[in-house]
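K.L.:
Per TrEMBL, the features are:
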- 15-20, 62-65, 100-109, Asp135: FMN binding site (BINDING)
- Arg372, Arg402, Ala403, Phe404, Ser405, Gly436, Leu437, Cys438, Ser439, Trp624: FAD binding site (BINDING)
- Thr478, Ser544, Arg545, Lys550, Val551, Tyr552, Val553, Gln554, Asp586: NADP(+) binding site (BINDING)
- 9-153: domain 'Flavodoxin-like' (DOMAIN)
- 227-466: domain 'FAD-binding FR-type' (DOMAIN)
Amino acid sequence: MEEQHRKKLLVLYASQTGNALDAAERIAREAERRSCPLTLLSLDQYQPSMLPHEEVVIFVVSTTGQGDTPDSMKVFWKYLLQRSLSQHWLKGTLYAVFGLGDSSYQKYNFVAKKLDKRLMDLGGTAIIERGLGDDQHPSGYEGSLDPWMSSLWGMLNIIKPEFFPNGPDVVIQDKVLIDQPKVQITYHNIENVDSSFSTASDLTNLDIQIGSARSMHPGKLSSDKCRPDCFLKMVRNLPLTRPNGGKDVRHFEFEFVSNAIEYDTGDVLEILPGQESASVDAFIRRCNLDPDSLITVNPRQMDGCTDSNSRVPVKLRTFVEFTMDIASASPRRYFFEVMSFFATAEHERERLQYFASPEGRDDLYQYNQKERRTVLEVLEDFSSVQMPFEWLVQLVPPLKRRAFSISSSHLAHPNQVHLTVDVVSWTTPYKRKKKGLCSSWLAALDPQDVTYIPCWIHKGGLPTPPPSLPLVLVGPGTGCAPFRGFVEERALQSETNSVAPIIFFFGCRNEDIDFLYRDFWLSHSQNNGVLSEAKGGGFYVAFSRDQPQKVYVQHKMREQSQRIWNLLAQGAAIYIAGSSTKMPADVTSAFEDIVSKENEVSREDAARWIRSLEKYGRFHVEAWS
């Protein structure tokens, strides 16, 4: 049994949003097609002490936030960092690492790089050089994954030819595998279903239905909490930007309709967005489904048995509405591959096969990701395709929660949560108008109507600062959101206790178009407010487009070099929030310049000093794309 286990290829993945899972499943499919036996597991399902007993391990890991490991990898990584592990611990273990990241972030693919180094330090042998998938590549991470996999199979065949009895290039046709999706749908008779739904309140009913539907979805990550922490209703929907100014940023205020949850400044609110009823109905019609069917969804067991008794049935329409992203996310390449098996029109089948091939990868990217085609749009473009619902459940992208930095203080608003949201809209290369699912749904809500909004609250990348900690905050655009909560809370604390000063640098395009929360910041920067220079703080704004020369927050920072250094010398913490493109790197560089100038040290020493702040919990970044 041990020998049989060790002859299998082991694929381990750590995924935060699902991309690493997709990539790991793709590697597993390609291995199976080459008759290579394998085991596919999430890192939190694997016992790290077993690693030295494995022959060949493929790691697929994503990098989240500012170089953070995914939640499912944290225990595994902590185990690997133990000092008691010797440099020969993994002697005889072959491994390969593929990372998923975004090169617009400073710590691009940081997790894959440090994992690769640690495995090598512990005596592991790399089969091939690590692969780094990049969201910025024209074909996304697949642009790197395809050639990396090709090299992997070639090298593995040389080192371990027994893994490929027919060689690395002999591929089993998918006709053998295509009739077995990973899920099984059970349809239930309404008379046999627990009637507690009908007697529960609307809110309880909704809570149960969301929890049941999301717990059954195969794309659910092991770290996911299926039932919402709370429900909110909108009480204020206020535009913060001038109409026709090129941006639409809103201030939303919500009240708890379930039990109020205490949150800290710097926390994150996740919202499950509503999908348009018309889109859900159109998808159900297009796929010839019965919206009122009562279903449970289970992983298909090898022996055909399923554990359907432990699941609460939900209506098919409810399952689609709360778990399947049909009108926002673009499907993966495998979706097109499976579609080709169910296309009855020859020209559609040929086009789908081409899209799924390595040769058609770039054309698929132009048609699909670049245009942000939705599942519904793709199904309408290929009208001869009739996919079984099991395959749709497996392959339609899961409906993801959207995360927003909370922009209020719980001390100031005990029964409320405030958000600052950029309502996203854009035009595709083929001039198709698109909009962000969650932000546009929220913007369309009328506070007079009662719409229950399912939410989750968790810690973000910005820990709550104690009142005695001086702060240097940098938050251009909607990056100001968490700092509105910081300032609100410190102003309240200052009424009864002495508090440390805050310097805040804000940036936007134009003073009269998108100066978010203008009156709020100005009021706290005057009359001995927590942002006033009289209290040792300061509020400085960069308007990038109000003069011929562009001015950004880093320019304003350099103007206030001495004030910043004085606060840093007093033990201040740095917080940066906003766009993940160039801003965090430019702002960090400005801090290094300031430390170098004011402390009269070299640029290298200044950079080391800033890194030490990060190490000691005084340098925090929360960035989003």
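Residue positions begin at 1 at the first shown residue.
From the backbone N, Cα and C atoms, a Cβ is placed for every residue, glycine too.
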K.L.:
Indicate the candidate from Asp102, Asp586 with the smallest number of other Cβ atoms within 10 Å of its Cβ, considering only these binding-site residues.
P.N.:
Asp586
K.L.:
Looking at the binding-site residues Leu437, Ser439, Thr478, Val553, Asp586, whose Cα is closest in space to that of Asp102 (FMN binding site)?
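P.N.:
Going through Leu437, Ser439, Thr478, Val553, Asp586 one by one, the Cα closest to that of Asp102 (FMN binding site) is Asp586.
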K.L.:
Quick one: pull the CA-CA distance for Ser62 (FMN binding site) versus Ala403 (FAD binding site), whole Å only.
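P.N.:
Checking the Cα atoms of Ser62 (FMN binding site) and Ala403 (FAD binding site) gives a distance of 18 Å.
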K.L.:
Please report the Cα separation of Val553 (NADP(+) binding site) and Tyr105 (FMN binding site) in Å, rounded to an integer.
P.N.:
18
K.L.:
By DSSP assignment, list the helix, strand and coil residue numbers for the domain 'Flavodoxin-like' (9-153), in that order.
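P.N.:
Split by secondary structure, the domain 'Flavodoxin-like' (9-153) comes out as 58 helix, 34 strand, 53 coil.
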K.L.:
If I restrict to non-local contacts, at least six residues apart, and a C-beta distance under 8 angstroms, what lies near Gly65 (FMN binding site) in its own chain?
P.N.:
Gly461, Val621, Glu622, Ala623
K.L.:
Taking Cα atoms as reference points, rank the binding-site residues Tyr105, Ala403, Ser439 by distance from Val551 (NADP(+) binding site) and give the first.
P.N.:
Tyr105
K.L.:
Mind checking which of Tyr105, Tyr108 has the fewest other CB atoms within 10 A of its CB? They're the binding-site residues.
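P.N.:
Selected from the binding-site residues Tyr105, Tyr108 on minimum Cβ neighbours within 10 Å: Tyr108.
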K.L.:
Using Cβ atoms only, which residues of the same chain lie under 8 Å from Ser405 (FAD binding site) while being at least 6 residues apart in sequence?
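P.N.:
Correct list: Gly266, Val268, Leu269, Leu419, Thr420, Gly460, Leu462, Ala481, Pro482, Ala577, Glu622.
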K.L.:
Just jot down the residues in the same chain as Arg372 (FAD binding site), at least 6 apart in sequence, with C-beta under 8 A of its C-beta; none if empty.
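P.N.:
When sequence neighbours closer than 6 are ignored, Arg372 (FAD binding site) has Ser330, Thr428, Lys434 within Cβ distance under 8 Å.
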K.L.:
For Ser439 (FAD binding site) and Asp586 (NADP(+) binding site), what Cα-Cα distance in Å is obtained after rounding to a whole number?
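P.N.:
Ser439 (FAD binding site) and Asp586 (NADP(+) binding site) have their Cα atoms 28 Å apart.
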